[in-house]
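Visitor: Just passing along the structure, written as structure tokens.
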Amino acid sequence: MGIELSYAVSKLQSLSTSDHASVVSMNLFVALLCACIVIGHLLEENRWVNESITALFIGVCTGIVILLVSGGKSSHLLVFSEDLFFIYLLPPIIFNAGFQVKKKRFFENFMTIILFGAVGTLISCGIISLGVIQIFKKMDIGSLDIGDYLAIGAIFAATDSVCTLQVLNQDETPLLYSLVFGEGVVNDATSVVLFNAIQSFDVTKIDPSIALHFTGNLLYLFATSTLLGAMTGLLSAYIIKKLYFGRHSTDREVALMMLMAYLSYMLAELFYLSGILTVFFCGIVMSHYTWHNVTEGSRVTTKHAFATLSFVAETFIFLYVGMDALDIEKWRFVSDSPGTSVAVSSILIVLIMVGRAAFVFPLSFLINLFKKNQSEKLSLRKQVVIWWAGLMRGAVSMALAYNQFTRLGHTQLRVNAILITSTITVVLFSTVVFGLMTKPLIRFLARSKQTTSMVMSDPSTPKSVSVPLLGEGLDSELDIPRPGSIRALLATPTHTVHYYWRKFDNAFMRPVFGGRGFVPFVPGSPTERSFVQGEGE
């Protein structure tokens, strides 16, 4: 009995020690996040550095300190987990992207965005995969099968346009911002779906039927994921509109919006769909309907809460990537042949640049052929900015690489260690070097000729409450001419879709789901007072 009691006490003590170590690690990590925010604020006016690079540098410096203190055993406070990234960090980033997007610009350029984000990603993945198959087989890095080569293509086809978006202005360069932003979201979704499809298919037996099945699976995932996100957003709008949560507590409105946004992502993961696409379109629908059904206080709260969660998640990811860059376990595998690791990283960077150029410029040429308005065409300068914006690699590439080449964050084979360290090198190099050059490059290439006064803000985002999903000015049918023939439909498809969408939205969607113009009835609010005064008169 005494032996059992002493064993239980020692077990509890070991658990207590482990818990204490976790608490210390979390405290240090939170303190580093605070440091990133403070230093990022101080460097706000810097021409070269952005918050992503700041977080990376702080992560690397912290990793060096931890490595020295631990005697070369570890360089990070937390163990990387794909679940941590995909379940907790990625959803708020993607949802806020959809929630804050200027919907008019996004849907006006929807086909261009799909071409760059989906078709372009497939082209880039194919070129990177073919390149590594031809080159890596001639190098002494280890044994890889066809599935690994295709996975490498999907991993490095995933862009990270955060650095570019931090310096592009939605009002000064609306077209560029819309294309870079939209392509980034669709690209992330395509890369993840493509990666999962490669893992689930037997790629050693590729034939026309497998290719057809693969294509059908991608289209099915895109369609169903989008539909699930839209339905979840509409359900949240209907519930909040019908039940008037603001009568009793605005906290419930905010909580319900947050939980249903997260529910859309988890439902997509449950049904093996694309959570990225689902939560993105859930954000778009919520900003168009649900956000207008809540009280004014809830509108301000949700807008800033979603933006804050997204900002913290992004900072967390870059901070961890900086720490993990010095993970001694992975570098020990390649310490006997550092030249091989450098060569692999260099080859991957070149293939990324070639793969991106292979679709940006040809697809831009095709897009320009169908654009009648000169201002809507993609000039060579804009094409260079779009190409440059997609050269950076970030958290999605890291997460996919860990998923393919590690087990629980640890590497067991030399070839896996080479690919993980090369991924880290590519992410660091592209984010820091390309990121540092982004601001001066954009200022040189993409100086907008339009003045800010000529560019109307798109009030369909949660920053304003005055226009419908695809409108830009007053909510009037006069600003979008009614199409009078099939020729008009073919000549101005965007305006035609706007016109019919607006009619359908006003006639069927808003009466059921609320949206712009719907004012929640809240006791004690100005709405109630004006209503009471009107009855008294």
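A Cβ is built for glycine as well, from the same backbone N, Cα and C atoms used for every other residue.
Heads up, TrEMBL stuff is auto-annotated, nobody curated it.
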Visitor: Quick one: sort out which of 186-207, 384-405 is the transmembrane segment according to TrEMBL.
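Guide: When 186-207, 384-405 are checked in TrEMBL, transmembrane segment belongs to 384-405.
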Visitor: Under a Cβ pair cut-off of under 8 Å, which of the recorded stretches 20-43, 55-72, 417-437 contacts the transmembrane segment (304-323) most often?
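Guide: Going through each listed stretch, the top one turns out to be 55-72.
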Visitor: Between the transmembrane segment (55-72) and the transmembrane segment (417-437), do 3 or more CB pairs sit under 8 angstroms, pairs being 6 or more residues apart?
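Guide: Answer yes: the transmembrane segment (417-437) meets the transmembrane segment (55-72) with 3 or more Cβ pairs below 8 Å.
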Visitor: For the transmembrane segment (55-72), find every same-chain residue at least 6 residues outside the stretch whose CB is under 8 Å from a CB in it, and list them.
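Guide: Same-chain contacts beyond the flanks: 32, 35-36, 39-40, 315, 318-326, 328, 428, 431-432.
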Visitor: Please tell me whether the transmembrane segment (84-101) and the transmembrane segment (274-292) touch - that is, whether there are at least 3 C-beta pairs under 8 Å between them, with each pair 6 or more apart in sequence.
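Guide: Stretch pair touches.
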Visitor: Sequence-remote contacts (6 or more beyond its ends) of the transmembrane segment (274-292), Cβ cut-off under 8 Å?
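Guide: Apart from its flanks, the transmembrane segment (274-292) reaches 86, 90-91, 94-101, 103, 106, 185-186, 188-189, 192-193, 221-222, 225-226, 228-230, 232-234, 236-237, 240, 257, 260-262, 264-268, 299, 302-303, 306, 460-462, 465, 468-469, 509-510, 513-518.
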